[in-house]
Amino acid sequence: MALSSSNHFDRTINTTMELNPSRKVRVVAKIRGFTDREAEFASGVSWISVNKPNGEASESVTVSFGDQSVSRKDSYEVDYCYEQNEDNDFVFSREVEPLVSGVFNGCNATVIAYGARNTGKTSVIQGSCEKPGLAALAMTEILSVAEDNGKSVAISFYEVHQDRVCDLLDPKQPAVFVLEDAKGKIQLKGLSQVPVKSISDFRKLYVGFDSRKPTPKIASELPRRSHKGLIVHVSSHNENPNNLPTAKMNFVDLAGYEDVRKKSIDGLNVVEQSKINQSIYAFVNVLHALNANESHVPYRESKLTRMLQDSLGGINKVLMITCLNPTFCQDSISTVKLASRSCQKNNKAVLDSTRKIHSLTKTVKISSKKSHVPRTVSATAKKQASSRVLLSQKKAKPFAVQGRKLFDEASHLTPSEKVNSALENVSIVETIKEEEGKPVGNVKDVTLYLGDENTFPAAPGALEHIEHTFLTGLEDTEPTSIVERDNLSTEPQDAQFTSTVEKDVCKHGEGQREEFTPSLRDSTNTMSLKEDKGTEKENGSSLVDDDKSPPISVRLRELSNNLKALCSATPSYLKTTEKNEVSSYALVPIGADIVEPKTPVIEPSTRAGDVWDANNINSPWQTCSMRSSGMKNSLVQECLRILNTADKEELKKLKGIGEKRSTYILELREESPEPFKNLDDLKDIGLSAKQIKALMKTEVGRLFD
Ligand SMILES: Nc1ncnc2c1ncn2[C@@H]1O[C@H](COP(=O)(O)OP(=O)(O)OP(=O)(O)O)[C@@H](O)[C@H]1O
C-alpha cells in the first residue's frame, strides 16, 4: 500500500476540495456496519439511504433517514457517504491517502470523526489490530514515505475532557497547556512527542489504547467520555534546506453527541454532556467558518479547536467524517444536519444573473451602516454588528447566537421561524428620486434588503418564505413576476425587494442621510417588485402588471403590516431595545447548550391567508397563547414522527405503548408507511383520548427532566 514514488505526491483525487479549492473542509458521512444484535433486530435493513447522483464520482450526495415517504424532510447533503459495505481501507484510499501526500508537502491535515454516540467513530479513527482505523492506515503510509525521504516521525496522543487537556502517552497524564507564543503560534506545553519507527510501535502506543485498561466494574470507572486526538509529527532528520517542509497530521475522535433531553445511557450528567455538546458545536462552527471563508474563525471557543488552530486554516486540509448508526438514532439526524451545513454551496438565494438595478437616483440609507453579520457570531463580531432598521422601526432580534444557531440552519425550521430568522437581516434603504440634487415630487423607493448567503445563514428557505409573504401582502402581484436569477458576482449578494411608495420624504431620515455605496448597489443581485417605470425600461422588462395591481401605497401598507406582525412574532427573549443591541447577541452564549430548538409553529387557525394582523396580537398573553399552540403542534408532530419511524424499543419508551402495541404499530407501518397522521389515529392502536393526552403530557414533562 505504501506509495513512496514521486507519483504519490503528484496524485490528484477528484474530491470536493480539489474541485473547489476555496473549500477547506470536506464533509463525508460513514454508515457503520450492523452489530450482531442490530442485524438481528433490524433484519439487516439500514434506516439510512444514500442518493449518489453520479455514483462514486458524485460531487455531493444526499443522505436520507427513515422511510422516504414519511421523512422526506430528513434528507441532507454531504460531499460523499460511505456505506456499510465500504470499510476503512476504502475510505482511506479515497480520502486520507491524498492528505498524507500533502503532509509531506508541508500541508497539515486533520481527520475528524464526529457523530452521535455509538456510531463507530473510534472504529473509524483508531480501529483495532484486526481492523485498522484510518490513523493506523495513514501511519503505515507515513512511515513508509518518511523512510524513503529521510524524515522522522513522532506522535502525541492527548485527551480533552471537559476542556482540560491531558497527555495520554505519559503514564502520569499531566495537564497540557495550550499557549500562544509571541508569533501567534500555538504551543502545547507539557505534551510529549514519542518517536515511532514501526507500525508495531504505533500500535502499542495508540491502537487498542482503551482495551489495555482493565474492564471497569462500576459505571464511575467507565472510560470517561472525552475527545481524543493523535498528532503525527513528520520532521526532517537534518537541516538540509532541500528537504521538503514538514508538517503534521491530526486524527480526532470526538466524543459522541447526545441530546441532553435524553437520559444518558451511561448516566453521564446533563452538565457533562452539555459541555461535550458545546465543544462539538464549537468545532462544527469552526469548520463551517473555514468552508464559508469567513473572516473570523472562532477557534477560541473551545480548547480543542484552539489546539488544532494551526492545522485548520490556511492551506491545510480537513476531512470531517460524520459517523452514522445503521439503526434509528435521532441524534444521528442532528449531527448530519450540522455537518451538512458546512458543505452547503454558497449563494443559494434566487438571484439575477441578467439584470441589475440601474439607479440614477441618489439614495438615503436610514440605517447607519449595513454590515454583514457572519454566520457564526463570535463575541467580537457581535460587537461589530451594526444596527438595522425595520419598516416598523422595531428591531427583530437575530437568532444568530452560538450553539443555537447551528441547529437553526436546519430545514426543520417552520416558516415562521424562518421568517423571524430572516428578519434579522432585513434592513431598509429608501431611495429618493432626485434631479439636479432636488427630490422629484414625493416619490421614493423603499428597498427591503435580505442579507446574502453569508449574512443569512440561519434559515434556508426563509428568503422564499419572506418572498411569499410579501407576495401575499401584494395580493394582486403575480408570483410569476418574480424572476429566478443566478449569481452575478462574487461580491456579497443580497436579495432585494423594491417597491415605490408615495410618501413625504421629509419624514424620513432627515439628518441621517448617507450616500449609498454604489459598489454595493451595483453588486447587489435583486429580486424586485418595482413600480419604477423608468428603471423598468432600463431593465427591459416589467416585473409587475400595473393594471392588475391595487395602488402601491395600499400594497405597501399591507406589506408593512405583514412585517409588523412578523416582528411581533419574534420571541420576546430575543427582542431588545436599540441600546442593548450588542449585548442581546450574547443572550444565548456558546456556553449554553441549546438543544435542537422546536420553535413554535403558528397554527393555521391563527393565520389569515398567511397574513397576520398585527393589531389582533395586542397582549403578551395572546402572543404567548399563539406560541404555545405552536409548540403543542410541534410536539404532536414530533410524537407522530416517532410513531411513524421509531423502532420497537424506542416506541416502547412512549407512555401507554408496550410490547403488544409496539408490535401492532410496526405491523400497521408495514401496511401503510405513515399510519399516524394526527393524534386521533392513535385510537387505531386502542388508545383512548385520555391515554393519548397522558402520552403527550409525559412527553412534555420529559422536556423538563
Ligand atoms: N463497521 C462496523 N461493523 C460492525 N460493528 C461496528 C462497526 N464499527 C463499529 N462497530 C460497533 O459499533 C459499536 C460502537 O463503535 P465505536 O465504539 O467505534 O463507536 P463510537 O462512536 O466511538 O462510540 P462512543 O460514542 O461511545 O465513543 C461497537 O460495538 C463496535 O464494535
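The chain as shown is numbered from 1 upward.
Cβ atoms here come from the backbone N, Cα and C positions, even for glycine.
Marked as domain 'Kinesin motor' by TrEMBL: 24-345. Annotation source TrEMBL lists ATP binding site at GLY115, ALA116, ARG117, ASN118, THR119, GLY120, LYS121, THR122. Taken from TrEMBL, the feature compositional bias 'Polar residues' covers 489-500. Per TrEMBL, the feature region 'Disordered' maps to 489-550. According to TrEMBL, the compositional bias 'Basic and acidic residues' annotation covers 501-516, 529-549.
The Cβ of GLY120 has fewer other Cβ atoms within 10 Å than any other of the binding-site residues GLY115, GLY120. Cβ-based crowding with a 10 Å cutoff singles out LYS121 as the top-ranked of the binding-site residues ALA116, ARG117, LYS121.
The binding-site residues listed here are ASN118, THR119, THR122; among them, THR119 has the most other Cβ atoms within 10 Å of its own Cβ. Annotated ATP site GLY115, ALA116, ARG117, ASN118, THR119, GLY120, LYS121, THR122; additional same-chain residues within 8 Å of its Cβ mean position, judged by their own Cβ, are ARG32, ALA113, GLY256, CYS323, ASN325. DSSP assigns GLY115 (ATP binding site) to a strand. Summarised as a single figure, the pLDDT of the domain 'Kinesin motor' (24-345) averages 85.
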